[in-house]
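Annotated in Swiss-Prot:
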- 1-21: signal peptide (SIGNAL)
- CYS45-CYS77: disulfide bond (DISULFID)
- CYS47-CYS68: disulfide bond (DISULFID)
- CYS61-CYS78: disulfide bond (DISULFID)
Amino acid sequence: MNSLLKVAVVCLVMLVACSSGRVVLPDDADTEYNSEYALAKRVNCKCEGGHEEGTYWVFGCPKNWYSCKSGYVYGRCCSQQWGK
């Protein structure tokens with residue numbers, strides 16, 4: 001009976017470990033922030049001058065992106081091209 005309990009506990013732990021949601025670690029954060037899935041969900045915006053499309057980011061521009069339009073109360077219109 002004791003060994004059956006150990007097997008049941010191991011199976012339960014494996015089940016929980018394999019089925020739980022993914023934990024985003026700090027070193028993953030940039031990957032998650034810039035993932036194709038996240039970018040596809042973002043709203044497009046027009047940069048100053050209207051010649052370029054940007055992407056609206058609520059918490060500011062990610063690394064290697066540039067703020068291409070000012071005047072938003074909250075968030076920024078950012079582009080990877082502008083300012084280079």
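Just so it is clear, glycine is given a Cβ too, placed from its N, Cα and C backbone atoms.
Sequence features, as recorded in Swiss-Prot, placed on the structure.
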| residue | record | Cβ neighbours (10 Å) |
| --- | --- | --- |
| CYS45 | disulfide bond | 19 |
| CYS47 | disulfide bond | 19 |
| CYS61 | disulfide bond | 18 |
| CYS68 | disulfide bond | 23 |
| CYS77 | disulfide bond | 25 |
| CYS78 | disulfide bond | 21 |
_In whole Å, how far does the CA atom of CYS68 (disulfide bond) lie from that of CYS45 (disulfide bond)?_
10
*Between CYS61 (disulfide bond) and CYS47 (disulfide bond): CA-CA distance (Å)*: 13
*Quick one: pull the CA-CA distance for CYS61 (disulfide bond) versus CYS77 (disulfide bond), whole Å only.*
8
_To the nearest Å, how far is the Cα of CYS45 (disulfide bond) from the Cα of CYS78 (disulfide bond)?_
8
